[in-house]
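K.L.:
What Swiss-Prot shows for this protein is this:
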- 1-108: topological domain 'Extracellular' (TOPO_DOM)
- 13: N-linked glycosylation site (CARBOHYD)
- 14-50: disulfide bond (DISULFID)
- 40-83: disulfide bond (DISULFID)
- 41: N-linked glycosylation site (CARBOHYD)
- 64-98: disulfide bond (DISULFID)
- 74: N-linked glycosylation site (CARBOHYD)
- 86: N-linked glycosylation site (CARBOHYD)
- 94: N-linked glycosylation site (CARBOHYD)
- 109-139: transmembrane segment (TRANSMEM)
- 140-146: topological domain 'Cytoplasmic' (TOPO_DOM)
- 147-171: transmembrane segment (TRANSMEM)
- 172-185: topological domain 'Extracellular' (TOPO_DOM)
- 184-254: disulfide bond (DISULFID)
- 186-214: transmembrane segment (TRANSMEM)
- 215-221: topological domain 'Cytoplasmic' (TOPO_DOM)
- 222-249: transmembrane segment (TRANSMEM)
- 250-265: topological domain 'Extracellular' (TOPO_DOM)
- 266-291: transmembrane segment (TRANSMEM)
- 292-302: topological domain 'Cytoplasmic' (TOPO_DOM)
- 303-327: transmembrane segment (TRANSMEM)
- 328-334: topological domain 'Extracellular' (TOPO_DOM)
- 335-364: transmembrane segment (TRANSMEM)
- 365-411: topological domain 'Cytoplasmic' (TOPO_DOM)
């Protein structure tokens, strides 16, 4: 059935139902002929609530919907909508007073989701602080700007931008989300662009390491502009194609949130999954070469495996391999769902922190450059103190009087 025809039928049913309701309540009185000639027509909103014909300037209340998205709501509460002076309905409907009726299982999940949200906020805050500090260190320490550290710097930049966009998404309330505002869709688009650039810079990290370690190709021949193009430019057409698809096929709910049967999000999720799979292959080859080199050394087997495991754990957040754990939801089991929620929230929100620690704060070049700057500052400060003392007027702890000088001269 055509969507426009279906909507008109629903609005017709809405008008009939409201007419019956008003007549039963004794409200079936025609409008005042001396009153205003413009009225807000009977309409059906996106939630499915019927709004009756109303006079301009009126604040109309209707019972909350009984069910929405499979959740039962308290119908004794009311939703509110204003009929504007020009005879049109306000675009925003106030559903803030509508409360869901949750059973014990839903209440438990609601509690876990609230705790997971706190973990997300904490992780993103800690990550942003660490990432900004790492960004400033790479900005100030010009002596360590080799290609490898430039790649780290760009990856850290994408983490910062992605986390900031995540905070902006949290500011969007339910009404704006349902209203599908233009600025809301723009924020979702920007967030998804930074998500894709973040993964593509993880791919760049994998390309660099695989080229240097597995292919034993001289990194001096690698071009910075090529990595910049891969990390920042390739995600642009991907996100543009996704935005066009959303605009024409799934233009609702600020383009955020995926429902069953929605395929447009795979336009950008597909390339992300592909680069993660490639990075997994890179990681396998890097660890394989590392194990081969460790076996050729004279160290004990236990130390060799320890070094290999350490290198693998350090590379996991850099290459984004941890995201592969969240490709598939564990299922309907309660314990699995709860573990999935917390594990997902912790790893995804704290990943920026781990990358900053492993590849900036624990970076030998960064620490050596910081020590060098610190010693230089100490030397410079130590030189300034004697000069300042030499320029000051010396004073004696004892005062010599003019009378004593005369006595000394007389002797």
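In case you wondered, yes, glycine gets a Cβ from its N, Cα and C as well.
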K.L.:
Under 8 Å between C-beta atoms and at least six residues away from its ends: which parts of the chain pack against the transmembrane segment (222-249)?
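P.N.:
Sequence-distant neighbours of the transmembrane segment (222-249): 147, 150-151, 154, 158, 185, 189, 192-193, 196-197, 200-201, 203-204, 207-208, 211, 255, 264-265, 267-268, 271.
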K.L.:
Can you check which residues sit near residue 86 (N-linked glycosylation site), meaning Cβ under 8 Å from its Cβ, same chain, 6 or more apart in sequence, and list them in order?
P.N.:
38, 56
K.L.:
Report, as numbers and ranges, every residue of the chain located at least six residues beyond the topological domain 'Cytoplasmic' (140-146) whose Cβ falls under 8 Å of a Cβ in that stretch; write 'none' if there are none.
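P.N.:
Non-local partners: 365-366, 369-370, 372-373.
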K.L.:
Sort the residues of the topological domain 'Extracellular' (172-185) into helix, strand and coil with DSSP and give the three counts.
P.N.:
10 helix, 0 strand, 4 coil
K.L.:
Before we move on, state whether the transmembrane segment (266-291) and the transmembrane segment (335-364) share at least 3 Cβ pairs under 8 Å, counting only pairs 6 or more apart in sequence.
P.N.:
no
K.L.:
State the three-class DSSP label for residue 74 (N-linked glycosylation site), counting H, G and I as helix, E and B as strand, and everything else as coil.
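P.N.:
Note: residue 74 (N-linked glycosylation site) is coil by DSSP, not helix or strand.
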K.L.:
List only the single closest residue to residue 254 (disulfide bond), chosen from the recorded positions 64, 74, 94, 98 by CA-CA distance.
P.N.:
94
